[in-house]
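Annotated features in TrEMBL:
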- 2-375: domain 'Amino acid transporter transmembrane' (DOMAIN)
- 12-33: transmembrane segment (TRANSMEM)
- 76-95: transmembrane segment (TRANSMEM)
- 115-132: transmembrane segment (TRANSMEM)
- 144-166: transmembrane segment (TRANSMEM)
- 178-198: transmembrane segment (TRANSMEM)
- 210-233: transmembrane segment (TRANSMEM)
- 253-281: transmembrane segment (TRANSMEM)
- 293-313: transmembrane segment (TRANSMEM)
- 319-339: transmembrane segment (TRANSMEM)
- 359-379: transmembrane segment (TRANSMEM)
Amino acid sequence: LQGIFVLGLPYALLYSGYSGLFLIILAAALCCYTGKILITCLYEENEDGQLIRVRDTYEDIANACCKRLPPRLGGIIVNGTQVMELIMTCILYLVVSGNLLSYSFPHVPVTEKTWSVIAFVTLLPCVFIKTLKIVSKLSQLCSLVHFIIILVVMTYCLTQIHLWSWAKFRLSIEFEDFLVSVGVIIFSYTSQIFLPTLEGNMKNPGEFSCMLNWTHFFACVLKTTFALTAFLTWGEETKEIITDNLPSFLETLVNLCLLAKALLSYPLPFFAATEIVYACISRENHSKYRSPLFSLGVRGSFLLLTLLMAMFIPHFALLMGLTGNVTGAAMTFLLPSLFHLKLKWKKLSFLEKCADISVFTLGFLCGLAGIVCSIKRLLKVFG
């Protein structure tokens, strides 16, 4: 919930003004809600009225909702969407790593793509990751590095408190610019892809709802505080990545921290994507699909694929934006609310049905608007 997107929140406030602060809070509430209803879809009541976990993955939920369609069609669509988003996330981390190394060591005669290859070499041990427990340890280190970055930026901002002015906030906003802000804010909260695996691996799954409430609450407080202090410091000069606003003596330090964060962030989407792909391949009752060597080959192939795509995809940022608007809106808003309505319709109250329909409508409109904006920008670039 505290990914690299957080560093773009001050820039989002530049174009959304006061409404951006409201959006940060609203997005936290909506993403927390869709996370809960998604996990609810994993459970069914038995004859004694007890909740039993009858599904394990997002794919299982989709297949349960699409029984009347061709077999596994729902699961194939969900898996394809998940893997696409996870692949693009992994590629983004490699591209960002190369970019950060290039800016951190400008006097070294090495191209940005070569730096990406060097970053890739440090990620080779990912092929040996077999459990979520290892990923969670790396994620803890990632969170620590992230808080160091946030602390450095906010400490500097507080030294500039004499420059703060609420007059820097916009009262009128441009619609297209506002949509860009909506995308940055909403997608900084997305975590639904990981939730079924996370809940299934918890020592006490009964605490999942409480955990989700507290994590989204603290994420919202930190995002709001960070975005507000940074924007009040730089105002109209706020850049897309707020660390670019820092003075040079801090920028190198923060860039190296961001590099560590990007490399430590890679294993989570990598693990999730390879688990999905391997599970799909190994369904066939063939011994070679279940061997450790085959599993290693799947992870190694995936790792190499992300490097090749990171090096050769043109206009990556725009393609990432388009992919995010398609897959992010679908996985975070559209599918959880749609699946919840389908599986739990008879047990939902009128207000719960209205809430799910409202979230679905909002997600559809945000996704559609974001896709239109992304395609317009792509047409300008290729135009």
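Glycine residues also receive a Cβ, built from the backbone N, Cα and C atoms like all the rest.
Sequence-distant residue pairs (6 or more apart) of the transmembrane segment (12-33) and the transmembrane segment (210-233) include at least 3 whose Cβ atoms are under 8 Å, placing the two stretches in contact.
Taking residue pairs at least 6 apart in sequence, the transmembrane segment (293-313) and the transmembrane segment (178-198) share fewer than three C-beta contacts under 8 angstroms. Non-local neighbours of the transmembrane segment (144-166) in the same chain are 2, 6-7, 222, 225-226, 229-230, 232-233, 235, 242-243, 246-247, 250, 253-254, 257-258, 260-261, 264; each lies 6+ residues outside the stretch with a CB under 8 Å from one of its CB atoms. Where the transmembrane segment (293-313) meets the stretches 76-95, 115-132, 359-379, the count of C-beta pairs under 8 angstroms peaks at 115-132. For the transmembrane segment (115-132), the partner stretch with the most Cβ pairs below 8 Å, chosen from 76-95, 210-233, 253-281, is 253-281.
Using a Cβ-Cβ cut-off under 8 Å and counting only residues 6 or more beyond its ends in the same chain, the transmembrane segment (253-281) has close neighbours at 3-4, 7, 57, 59, 79, 82-83, 86-87, 89-90, 93-94, 96-97, 100-101, 103-104, 119, 122-123, 126, 129, 132, 134-135, 138-139, 141-142, 145-146, 148-149, 152-153, 193-194, 197, 243, 246, 289, 295, 298-299, 302-303, 306.
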